[in-house]
Amino acid sequence: MNIDGYTRLAAVVAKPIKHSISPFIHNLAFKETGVNGVYVAWEIPEEDLAVTLENIKRYDMFGINLSMPYKQAVIPYLDSLTDSARLIGAVNTVIHQDGLLIGHNTDGIGFFKSLEKLRGFQVRNKRLTILGGGGASTAIIAQATLDGAKEITIFCRQQSLERTQASLTPIARATGVPMQILALDDSQLLQEHITNSDLLVNGTSVGMDGYSQPVPSTIRFPENLLVADVIYQPFETPLLKLAQSQGNPTINGLGMLLFQAAEAFQSWTGQEMPTDLIWDQLVQKYDIK
């Protein structure tokens, strides 16, 4: 990588963020496409968010990615939002375009692109069961409605039902996609919906510890159900292991990370990220079987 006076900057902004895989992905993309850019990780306190956004314009940056806790906090500092960001109510990508800062959300786009590219799954006219109603789930649900999902059922903890209904009801109303929000502790109802689904998604952090299970181990998966987990460390979560033991196809969150990055990269540079090459590098780097 040759850095000179014309090199433009992009960054991921969060707290914490030093563990991020994003610099590896984007800097490899800059190298392979020949775009004169460099991508870094900025761990900043919340009081520095406003000046960080000002610096995107000041230093003519491509833009930034955002992770927690700044996906909602950034919105007041932006000039406009894309349809997906407005529907989700959160931003993970800021695009610097013609002196304006545009908030975009590529999480849901990246998730379904990973399912399409890596597992041949198309969400149109499919029934989905989603575990959790937090940020990752909301992005996936919103994108599923935009992409033509037939029906979506969300299971969340009893104490989160009211908050989840408040955040997801506007999405259901705006898109007209049938949506139910139910308590996760009703295992019989959970089994019924999983049995009638084409896709099951764990949008929670349950399983990140390597042993916690977001569904009862007695759950039976229908033969052709695709089971997805937004977690990518560990690469095989307890949910994915349970699905594999029943012969179901599975996918973790690493593909989502790659393809949401690809959407951001194209928004900034106008160039397609070489995702096949970068996926091969990720497989090698993290010894993915």
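Cβ atoms are placed via backbone N, Cα and C, with glycine included.
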Looking at Swiss-Prot, which one out of Asp4, Asp48, Asp107 binds shikimate in the same site as Ser20, Ile21, Ser22, Ser67, Asn92, Tyr232?
Asp107
For the NADP(+) site as recorded (Asp83, Gly132, Gly133, Gly134, Gly135, Ala136, Val230, Gly253), determine the largest distance between any two Cα atoms, in Å, rounded to the nearest integer.
23
Between any two of Ser20, Ile21, Ser22, Ser67, Asn92, Asp107, Tyr232, the residues recorded as binding shikimate, what is the biggest Cα to Cα distance in Å?
18
Return the residue, from the listed binding-site residues Ile21, Ala136, Val230, with the maximum count of other C-beta atoms within 10 angstroms of its C-beta.
Val230
Of Ser20, Ser22, Lys71, i.e. the recorded positions, those within 10 Å of Gly135 (NADP(+) binding site) when Cα atoms are compared:
Lys71
If one looks at the chain holding Ser67 (shikimate binding site), which residues at least 6 apart in sequence have a CB under 8 angstroms from its CB?
Val12, Val13, Ala14, Ile17, Ser20, Asn92
